[in-house]
Amino acid sequence: MIHKEDITGLVLAGGRGTRMGGADKGLQNFRGIPLALHTLMRLGPQVGEAMINANRNLSAYESFGVPVWPDATADYAGPLAGFLTGLERCETAYLVTVPCDTPLFPQDLVARLAEALAREDAEIAMAAAREEDGAMRPQPVFSLMRRELMESLVRFTQGGGRKIDAWTGQHRTVLVPFDRPGDEPSAFFNANTLAELHRLEQSS
Ligand SMILES: Nc1nc2c(ncn2[C@@H]2O[C@H](COP(=O)(O)OP(=O)(O)OP(=O)(O)O)[C@@H](O)[C@H]2O)c(=O)[nH]1
Ligand SMILES: [Mg+2]
């Protein structure tokens, strides 16, 4: 069994927000609260420690009250750069990642990932959920992983690797479906554009 005190939660807010016109997505308001803070408030009760990965406007993120870490490299190498930053800063045995643009993610996300990781003796537990087109797909930015994977990720990214599934494919990974009766069907809908953000704000 994995205790929540052994898990650090990382809010991924280090992207370019290209599809939002280059806006710093984590600072865009969702129901009156910045997306990254909304995400942090939903993640905090599920983990022992929390931190934010951001690459711009660091003092705004720092005002949310948890440590803020930018990527070590300034080239916007994608979400794996955020994973790596998180693993480097993580002081617990496990790290879980959550993107800042999916504010309605499940309140039992971490518990279910942790249960599956322990049950399967896996190295990574990754959520899978139905997307807006109805298809079940892995949600790689929602992953719980062992801190020891840091060295593997250093090697992978230094070799030029960028794709999350190419890296997780090197490790024992369990997929955790979030489509049980009672699961919110739109929990994993993410806001990549301002229109999607406004649509999400109107939803349940
Ligand atoms: N640290 C870090 N995180 C990133 C980077 N690129 C994307 N992310 C994060 O990964 C998650 C998924 O990213 P996307 O929604 O695909 O990308 P985005 O950069 O936010 O937006 P687009 O530029 O429109 O693709 C988000 O939480 C991003 O903040 C990066 O270069 N570095
Ligand atoms: Mg996104």
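The backbone N, Cα and C atoms fix where each Cβ goes, and this holds for glycine too.
As given in TrEMBL:
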{"type": "DOMAIN", "residues": "9-166", "note": "domain 'MobA-like NTP transferase'"}
{"type": "BINDING", "residues": "Leu12, Ala13, Gly14, Lys25, Asn53, Asp71, Asp101", "note": "GTP binding site"}
{"type": "BINDING", "residues": "Asp101", "note": "Mg(2+) binding site"}
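Distribution of TrEMBL features across the structure.
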| residue | record | Cβ within 10 Å |
| --- | --- | --- |
| Leu12 | GTP binding site | 26 |
| Ala13 | GTP binding site | 28 |
| Gly14 | GTP binding site | 27 |
| Lys25 | GTP binding site | 27 |
| Asn53 | GTP binding site | 28 |
| Asp71 | GTP binding site | 18 |
| Asp101 | GTP binding site | 27 |
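Secondary structure at Lys25 (GTP binding site), taken from DSSP and collapsed to helix, strand or coil, is helix.
In this record, GTP is bound by Leu12, Ala13, Gly14, Lys25, Asn53, Asp71, Asp101; the longest C-alpha to C-alpha distance in that set is 18 Å. Taken residue by residue with DSSP, Asn53 (GTP binding site) is part of a strand. Look at Ala13 (GTP binding site): DSSP puts it in a strand. By the rule that a residue counts when its Cβ sits under 6 Å from some atom of ligand 2, the binding-site residues Ala13, Lys25, Asp101 yield Asp101.
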